[in-house]
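Q: For reference, the structure I am asking about is given below.
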Amino acid sequence: MKRAAQASDEPLKKRKTAREESSDEDEESSQRTTSQDSSQSESLSDVEDHKPSFSRPSDSQNSQGSMAHNEASNKFAMYNNVSQKLMAKMGFREGEGLGKYGQGRKEIVEASTQRGRRGLGLMLKGFQGDLNVDWEDEPEPSAIEQVSWFPESSPEIPDSDELRDWMTIGEKKLKIDDEIEFCSENLLHLLLRCKTVFDDLEGEEMRRARTRSNPYETIRGAFFLNRAAMKMANMDHVFDYMFTNPKDSQGKVLTRDKEGELLYFGDVCAGPGGFSEYVLWRRRWHAKGFGMTLKGANDFKLEDFYAAPSELFEAYYGEGGIDGDGDITRPENISAFRNFVLDSTEGRGLHFLMADGGFSVEGQENLQEILSKQLLLCQFLTALSVVRPGGHFLCKTFDLFTPFSVGLIYLLYLCFERVSLFKPVTSRPANSERYVVCKGLKPGTDAVREYMFTINLKLNQFRHSDRDVIEVVPLDIIKGDTDFFQYMIGSNESYCAVQIKALAKIHAYVRDTTLFEARQADIRKECLKLWGIPDKARVTPSTSDPKNKFYELVKGSEMDSFNSRPTALNSVNLEKLQHVLDYRCIVGGGEQLFLLALGRSQIYTWDGKAPSRWKKLENFKMELPRDTLLSVEIVQELKGEGKAQRRINAVHVLDALVLNGTDVRDQHFNQRIQMVEKFVKAVSKPSRPDMNPIRVKEVYRLEEMEKIFVRLEMKITKSSGGMPRLSYTGRDDRHFLPTGLYIIKTVNDPWTMAFSKSSKRKFFYNKQTKESTYDLPATSVAPFYVCHQDRLFWAWEEGVRVHDSQTRINPDKLSKDDVVSFIHKHYQQ
């Protein structure tokens with residue numbers, strides 16, 4: 001769940017209805033989606049509203065003609081002739097009671113006004129009359145939304161000294177009704193009055209009316225974890241997919257699927273993780289998420305990501321890493337999260353950050369803005385700490401009436417190219433929720449970040465005192481920026497008016513349970529279609545048998561190639577390597593296996609021998625996205641030497657077949673390696689030392705084989721009895737005991753590669769047609785099955801000399817000098 005452990009959408013029986021002011025996130029499990037939902041305890045008067053009206057009594061019954069008698073008769077005018085005849089048979093006469101002596105009740109028994117679980121006779125003061133707000137002129141519901149941006153900011157970002165002078169300390173304030181600098185007094189007071197009306201109303205009664213009154217209500221969470229995912233889908237579309245498909249200032253896409261870096265994003269204060277589930281559903285293994293939220297009941301629920309691969313998301317909880325508390329208001333947690341993100345993104349930062357924090361303010365709903373001020377500040381501070389220049393930020397806010405809140409918005413306005421305050425249709429209109437959307441972080445914002453950090457230190461210092469930070473930007477500076485000031489007032493008053501109408505509408509729907517929004521189903525379909533979201537139900541992912549899943553993924557093609565074993569390289573077949581440019585080579589460290597992932601820790605391996613028997617990967621802690629098929633080795637990695645040496649089993653990827661459902665077998669070998677490197681980077685979790693690592697093998701060109709021998713050393717291992725053994729050190733300073741060299745043909749017959757001495761360029765040559773071309777011919781690409789079945793393996797066994805310190809040499813076996821001299825002979829630039 002979110003940081004808001006008890007947001008307004010939670011089905012808490014005793015919660016007051018005014019909690020429309022808190023987040024409307026996690027109610028879908030307790031609510032029905034029918035448009036005419038009504039309580040089982042509806043009053044009789046509500047039921048009567050569905051009956052046909054009764055006709056007046058006949059003229060013969062009005063023969064006395066007295067005014068008093070007419071008034072009495074009018075009491076029964078609502079009943080038809082049949083009803084009156086039945087009463088007449090029982091001896092009923094107007095003005096008299098039933099019974100032998102007319103001793104029965106003379107007045108009509110009034111219909112019950114009891115609703116829900118109210119106490120008998122309880123009359124809710126706010127629901128005895130109208131609110132005198134015309135809500136019926138609201139605009140027609142539509143899936144089309146418009147974005148209004150702040151004017152582009154012209155002021156320069158102040159330096160640290162000037163910013164420090166902006167902070168104003170004063171007496172802590174716990175009232176909102178006098179905050180009229182950024183909203184008209186009449187609108188603010190009317191809004192507070194409309195909220196207060198619901199204070200004594202039972203929560204369930206309010207929720208039923210809200211469900212019927214909101215035309216967008218049945219969109220809910222679709223097939224995602226919760227409604228937050230659909231809010232993100234909604235806003236991603238409205239803002240032209242600037243989050244899931246970011247572009248530079250020239251409109252060039254920054255993160256393509258086949259090439260380019262991962263889409264790095266962050267999600268803070270956002271358990272259980274609906275925002276992230278949407279992003280990962282949209283981009284899958286081409287994205288990597290980092291999250292920080294409160295541990296415990298409000299934590300991320302990654303196991304409930306049914307629509308997207310949660311294995312691509314790494315939760316981090318600030319100081320202490322996975323053992324931290326995730327409290328974003330602690331300065332040390334923000335600093336730790338910043339360092340972790342920068343380390344994980346090669347110092348570049350995130351493409352965008354999402355923040356959706358909130359917490360329960362039960363009983364103090366009107367003060368939500370004031371009570372949430374530090375949370376809002378820390379989310380803004382985190383954005384400036386982890387978002388890269390040009391990156392984006394999206395954060396939930398509530399009312400923005402106080403100078404403190406507006407000052408924070410002004411600081412964002414200075415730091416980003418464009419800023420908007422936006423309320424998506426997936427956010428219920430009766431609450432004060434809206435989102436600040438920031439596009440294009442400007443360079444040189446460190447001074448503002450440090451200023452926000454200082455403000456947070458002050459707020460922590462004042463937490464238990466009557467002092468507080470009341471302004472972060474002087475009011476005269478805000479008012480002096482006319483464009484910003486006018487936009488702020490217009491935005492506040494616009495959303496205030498929308499909220500007032502929505503509250504009045506709910507008030508009317510509480511009073512009349514027959515009212516409902518007839519277009520809910522149509523609007524839902526329109527929105528899902530516009531946002532590109534399939535209209536399907538949320539279902540638990542099905543479990544699969546590994547053997548059946550394997551056949552499903554490979555589609556029965558080239559099955560024999562899986563059983564092929566590598567050809568041993570020797571002096572006889574060394575001639576196969578005469579077209580040197582056709583080959584790549586990889587250092588082996590164990591038996592080649594096929595690895596199949598069915599999601600999270602459901603991982604199986606097969607040695608490639610017939611018949612196929614998939615075995616669960618035991619004694620491994622690793623999580624991989626479902627529908628993934630790789631060619632791998634299980635290698636024991638070593639770090640250090642002697643008694644201090646540490647060992648860990650790792651998965652080393654040789655090649656990729658299917659990546660989270662994406663079949664890459666027909667891609668060029670180099671392309672497959674690039675894609676699986678991207679995939680491995682997305683699933684790796686450096687913050688989890690308890691998990692076994694997964695790495696992609698380093699690939700060398702055959703003509704550059706000598707680079708491999710530079711990485712070979714003789715090292716002492718614990719199991720070697722003090723004798724040095726041949727070791728290969730990888731890119732991450734971990735080494736392993738090499739078993740030999742895989743040599744992989746990446747050019748498909750009849751094509752080969754050669755080097756043109758005249759043009760000093762490599763070109764492709766067709767041995768059958770004699771065609772030559774510098775461009776890569778599609779038919780020259782060797783798919784996986786060709787690479788796999790035509791591979792050679794040069795075993796570095798006893799008697800094979802590949803390191804200068806090795807003294808035992810078998811002249812019948814290929815040594816380093818033999819292979820290197822052969823390569824030099826056939827490759828001359």
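Glycine residues also receive a Cβ, built from the backbone N, Cα and C atoms like all the rest.
In case it's useful when we look at the structure, here is the feature table from Swiss-Prot:
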{"type": "ACT_SITE", "residues": "Lys231", "note": "active site"}
{"type": "ACT_SITE", "residues": "Asp356", "note": "active site"}
{"type": "ACT_SITE", "residues": "Lys396", "note": "active site, proton acceptor"}
{"type": "BINDING", "residues": "Lys195, Thr196, Val197, Phe198, Asp199, Arg210, Asn366, Leu367, Gln368, Asn431", "note": "substrate binding site"}
{"type": "DOMAIN", "residues": "223-442", "note": "domain 'RrmJ-type SAM-dependent 2'-O-MTase'"}
{"type": "MOTIF", "residues": "2-16", "note": "motif 'Bipartite nuclear localization signal'"}
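Could you place these features in context, so I can see how deep they sit and what lies close by?
A: DSSP assigns Lys231 (active site) to a helix in the three-state reduction.
According to DSSP, Lys195 (substrate binding site) sits within a helical segment.
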Q: Across the listed substrate-binding residues, Lys195, Thr196, Val197, Phe198, Asp199, Arg210, Asn366, Leu367, Gln368, Asn431, what is the farthest Cα to Cα distance, given in whole Å?
A: 22
Q: How many Å separate the Cα atoms of Val197 (substrate binding site) and Asp356 (active site)?
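A: Spelling it out, the Cα of Val197 (substrate binding site) and the Cα of Asp356 (active site) are 28 Å apart.
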Q: Which one, from the recorded positions Asp199, Lys231, Asp356, Gln368, has the smallest tally of other C-beta atoms lying within 10 Å of its C-beta?
A: Asp199
Q: Measuring Cα to Cα, how many Å separate Lys396 (active site, proton acceptor) from Asp356 (active site)?
A: 5
Q: Return the member of Lys195, Asp199, Asp356, Asn366, Gln368 nearest to Lys231 (active site) in space, with distance defined Cα to Cα and candidates limited to these recorded positions.
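A: Comparing Cα positions, the closest of these recorded positions turns out to be Asp356.
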Q: Quick check: in three-state DSSP terms, what is Asp356 (active site)?
A: coil
Q: Could you check the binding-site residues Lys195, Asn366 and say which one's CB has the most other CB atoms within 10 Å?
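A: Counting Cβ neighbours within 10 Å, the top one is Lys195.
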Q: Just to verify a number: CA distance, Asp199 (substrate binding site) to Asp356 (active site), in angstrom, no decimals.
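A: It is 26 Å, counting Cα to Cα.
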Q: State the count of C-beta atoms found within 10 angstroms of the C-beta of Val197 (substrate binding site), not counting that atom itself.
A: 20
Q: C-alpha of Lys195 (substrate binding site) to C-alpha of Asp356 (active site): distance in Å?
A: 23
